[in-house]
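Worksheet: the structure to be examined is printed underneath.
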Amino acid sequence: MAERRLLVLFGSQTGTAQDTAERIGREAKRWHLRCRVEALDSCDVANLIHEPLVVFVCATTGQGDPPDNMKMFWRFLFRKNLPAGSLCQLDYAVLGLGDSSYPKFNFVAKKLHKRVLQLGGNPLLPVALGDDQHDLGPDAVVDPWLMALWDKILALYPLPPGLEIISPDVRLPPKYTLHYLPEDSPHRGSDLLQPTAPQGAPCELHPFAARVVSNQRVTAQSHFQDVRLIEFDIAGSGITFSAGDVVMIQPQNCPEDVQQFCQLLRLEPDRCFVLEPTEPGTSLPPLLPQPCTIRYLVTHYLDISCVPRRSFFELLSYFSTNELEREKLQEFSSAQGQEELYSYCNRPRRTTLEVMWDFPHTTSAIPADYLLDLIPRIRPRAFSIASSLLAHPERLQILVAVVRYKTRLSKPRRGLCSTWLASLNPEQGDVHVPLWVKRGGMKFPADPATPVIMIGPGTGVAPFRAAIQERVALGCKGNCLFFGCRYKSKDFYCQTEWEELVTKGFLTLFTAFSRDQEEKVYVQHRIRENGRLLWELLSTGNAHVYLAGNAKDMPAAVAEALQSVLQLEGGLSPSEAEEHLTALERSQRFQSETWS
């Protein structure tokens, strides 16, 4: 009989694909399948030819790019010399997670499915395209697809005689067991935030603890949006970067939330513990020191401020001793209860900690062993670097909009990372932030004489500040910036800096202050007004165009404005203008980086 073995491989940037992959791993245990769940870059790709059954779960990032933890796999898979039938023994299925507000929706999943098919793989199902924009989130597609997947797998690999499916009523064992150490054990767990001697370039496993030099608000106090220009000292870190690169920052929970969490779960914050895997072969979480304190685990690792996923409610229901609470949790984790879960949790952006307050009996009964199964880890956040090493040696600056908004809940919602960063005050003693740098998606021209047109409303201007500083330091003058915000007097970030560069002849600046007059004016209006200049730069100067900022309506409006310039000034027909813009994209003369 064929070996009942399943490999689940994920490519995940924000943790959603990993969460879904782990859910498939848990369900596989109920079907008595031997299952491994791994990041695509952690698996030995050459061994794929020996795998009978693989489920790929992958997200799409940026402009149709694979997540960081599958980039090596991606390069290998698209090598020209791979034989056409090399995966003919492989039964596979691909589950994509994406966001249909982006043009390259689920691009990675679609391309992966097609490539494995080319290499001879046998698809069990059509590729699934989960969508963040759906009212019920990706689960609207994932749930029915998974039911069909298990039907297919059970038909190919029936249960051995005498074995029955483990009922959904039975709680599966935790991934790790938490062993408390005697109370007099020496404390560990603060060592990750001490500045360390460089072990090669800093990375996620070995971040650099950068000292905060300054934390300056760059919007007027009367303005609704708090935006910060934060500077870090990276001397001795070995970090280098260019314009367009990104800094990754590992945030932490605030002390009040940590205290509340420990009280709700009746945990002693200063108790030390070690983790042991329940099943041999499971690796320990690489970002947790061993031994570790409960306080360190909750402050630096457990994402208690995230909006919990459906799998959280499902696992939580097993611990409930209170009938009312258990019924509600079971409803939230059922397919029929998804709309209600959406209006309870996703729409108002209710946090994990707030949900725990709403289910006090259940929360106090959670065994500590299950904490890492229940709550995902805090993910690092990415920020465009807003400075150049040529202008600020041994320094790194970012422009951060502090996320704060209202929902129907009485307490305003706050972004974990931006709120934490805004709270850091270097004037009250040394403050350190764990960070590392990643190559960004935007590449500026190798020849500094090439003119650049940069369109960066709001904090989208951050990578362009880095590029302008870099180019000015090299003596380049062909810098054209379109900047947009609400009010000249309230949120015109870095105004003095831009105006000085204009005076010195290094910058051509076009501003759009949307609320300073009756009619709203945006960057796309300024693009149309200055069409002749743009056309000259594009047609005779071979200029490159860059766009950064909010992914909502702005990118489409800017693309439309650029096409209208190509038509009016370049004499192109609408279809030629569209094709011309696409050609600029293909040749990397038009690059964009947007975020939702």
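Positions of Cβ are set from backbone N, Cα and C atoms, glycine also.
Taken from TrEMBL, the feature FMN binding site covers 12-17, 59-62, 97-106, Asp132. Sequence annotations record features per position, and here TrEMBL assigns FAD binding site to Arg349, Arg381, Ala382, Phe383, Ser384, Gly415, Leu416, Cys417, Ser418, Trp595. As annotated by TrEMBL, NADP(+) binding site applies to Thr459, Ser514, Arg515, Lys520, Val521, Tyr522, Val523, Gln524. Marked as domain 'Flavodoxin-like' by TrEMBL: 6-150. Annotation source TrEMBL lists domain 'FAD-binding FR-type' at 205-445.
For the domain 'FAD-binding FR-type' (205-445), the model gives a mean pLDDT of 95. Using a 10 Å Cβ-Cβ cutoff, Lys520 (NADP(+) binding site) registers 12 neighbours. Mapped onto DSSP helix, strand and coil, the domain 'Flavodoxin-like' (6-150) counts 58 helix, 35 strand, 52 coil. Distance noted between the C-alpha atoms of Lys520 (NADP(+) binding site) and Tyr102 (FMN binding site) is 25 Å. If you compare Cα positions, Arg515 (NADP(+) binding site) sits closest to Gly62 out of the binding-site residues Ser12, Gly15, Gly62, Phe105. The Cα atom of Thr459 (NADP(+) binding site) lies nearest to that of Gly62, taking the binding-site residues Ser12, Gly15, Gly62, Asp99, Tyr102 as the candidates. For Ser384 (FAD binding site) paired with Asp99 (FMN binding site), the C-alpha to C-alpha distance reads 21 Å.
A distance of 26 Å separates the Cα atom of Val523 (NADP(+) binding site) from that of Phe105 (FMN binding site).
Nearest in space to Gln524 (NADP(+) binding site), taking C-alpha to C-alpha distance over the binding-site residues Gly15, Tyr102, Ser418, is Tyr102. Here the candidates are the binding-site residues Arg349, Ala382, Ser514, Val521, Tyr522, and by Cα distance the one nearest Gly15 (FMN binding site) turns out to be Ala382. The closest partner of Arg349 (FAD binding site) among the binding-site residues, by CA position, is Asp99; the full candidate set was Ser12, Ala59, Asp99, Tyr522. Of the recorded residues, Ser418 (FAD binding site) and Tyr522 (NADP(+) binding site) place their C-alpha atoms 26 Å from one another. If you compare Cα positions, Ala59 (FMN binding site) sits closest to Ala382 out of the binding-site residues Ala382, Leu416, Ser514, Val521, Tyr522.
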